[in-house]
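Below: one structure, written as structure tokens.
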Amino acid sequence: MELLDKVLEYYKVKNPLVVKHLLIKYMNLVLEKNKLFNLTAIENEEEFVIKHIADSLSLLKFIEQENSNQNPVAIDIGSGFGAPGLFVKIAMPSVNVFLNDSNKKKCKFMNEAKESLGISGVNVVCERAEVLGRKEEFREKFDFVFARAVDRLNVLCEYAIPLLKVGGAFLAQKGFECEDEIDLAKNAIEILGGEIYSIEKFVLPYSDEKRSIIIIKKLRQTPSNFPRNTKQIVKKPL
């Protein structure tokens, strides 16, 4: 696929032939399974390349910029069929990725996909993110947390920040107009031990799709009473 070649060149992905082969295989797995149950609203390959692959790979330069660990550990919350986490793993194999979703069908698919692709350093965790944030084996264990526009930022922060190590970064992928969400999330970010580090706005390559990535750094440990349960997080956001 010429468009995919261009996207991989744009993001300066290493070993592009190997990465391209795996990405196409993964895309085909998603589109085939999508006929049986809903994984994505996107059915066109070129649209998939832009809205899923290019969108996910937009994280790469920020991972490189913020990473002080040779083999960083990242968790993708609300991963769905594995976006952006599995795309990041394919393009940047040094990252150890946990794919988190509470939907059992989607988790089953992600496990099948990683086995089919023959990729190591990928773990699928089928659980609610706020439950993981209270478990010792997950709390404050990650260099990066990814989330793709799955909820409001003030809600996402209570799921994401407890999972980060001090010094780690939450990379929240949002639409272009995100200022109101950021304003509403400032209190939550402060309470949970974080700080807005930067807001990156850009257009996805070979498209007119506008995006933002909000980078939130963790400066101190999250208080032990967070995260709260889902009902409290959603109904009474910080």
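Cβ coordinates are placed from backbone N, Cα and C, and glycine is handled just like the others.
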Given Swiss-Prot annotates Gly78, Ala129, Glu130 as S-adenosyl-L-methionine-binding, which of Arg148, Arg152 belongs to that site as well?
-> Arg148
What does DSSP call Glu130 (S-adenosyl-L-methionine binding site) in the simple three-state scheme?
-> helix
Pairwise CA distances across Gly78, Ala129, Glu130, Arg148 (listed as binding S-adenosyl-L-methionine) top out, in Å, at 16
